[in-house]
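Peer 1: Next up is a structure, given as structure tokens.
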Amino acid sequence: MAEHQTHHQMQQHGMQHGQHQPGGTMKSLLPEKGPTTSQVVAVVTLFPVGGILLTLAGLILTGTIIGLAVATPLFVIFSPVLVPAAITIGLAVMGFLTSGAFGLTALSSLSWIINYIRGARVPETLDQARRRMQESAGQMTQQVGQKTKDVGQTIQQKA
């Protein structure tokens with residue numbers, strides 16, 4: 001009996017808060033107002049552009065497949081020459097890229113070492129940089145205030 005009353009109370013409580021209303025979740029997914037003018041203009045402008053780009057992508061894919069079908073027999077005929085040439089060019093490109101990566105790593109390491117020796121260390125955190133900016137702004141404010149005071153005193157003395 002007590003279980004029946006508790007179940008009945010839970011059903012009534014849920015209905016009062018709108019938890020079990022059919023279609024309630026669908027209404028929350030839909031926007032409350034219609035699209036804005038800028039959204040409509042964006043869709044009207046970008047829809048043709050997207051269609052044109054999709055058409056171009058399809059044409060390029062078709063051309064690539066036709067070109068590959070035509071060139072495959074040539075690749076098979078000239079493969080004794082092309083495969084070693086491709087391997088040689090690939091190794092040369094990898095060598096240049098590796099050389100450049102090592103050079104950049106060496107330069108950045110040397111730059112870091114020089115900055116470390118000079119003592120020009122980068123602040124560890126953003127808070128430290130903000131504190132240094134506030135300190136320098138405070139010092140500049142004091143200097144400007146002192147110069148203004150000095151100029152005021154010299155004007156009073158001359159008057």
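The backbone N, Cα and C atoms fix where each Cβ goes, glycine too.
Feature list, courtesy of TrEMBL:
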COMPBIAS  8-26  compositional bias 'Low complexity'
COMPBIAS  136-159  compositional bias 'Polar residues'
REGION    1-33  region 'Disordered'
REGION    133-159  region 'Disordered'
TRANSMEM  40-61  transmembrane segment
TRANSMEM  68-87  transmembrane segment
TRANSMEM  93-114  transmembrane segment
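Help me picture where these features are in the structure shown.
Peer 2: Within the chain, the compositional bias 'Polar residues' (136-159) has no long-range Cβ neighbours under 8 A that lie six or more residues past its boundaries.
Here the transmembrane segment (40-61) has no Cβ contact under 8 Å with any residue of the same chain six or more residues outside its ends.
Tertiary proximity for the transmembrane segment (68-87), restricted to same-chain residues at least six positions away from its ends with a CB under 8 Å from its CB atoms, involves no residues.
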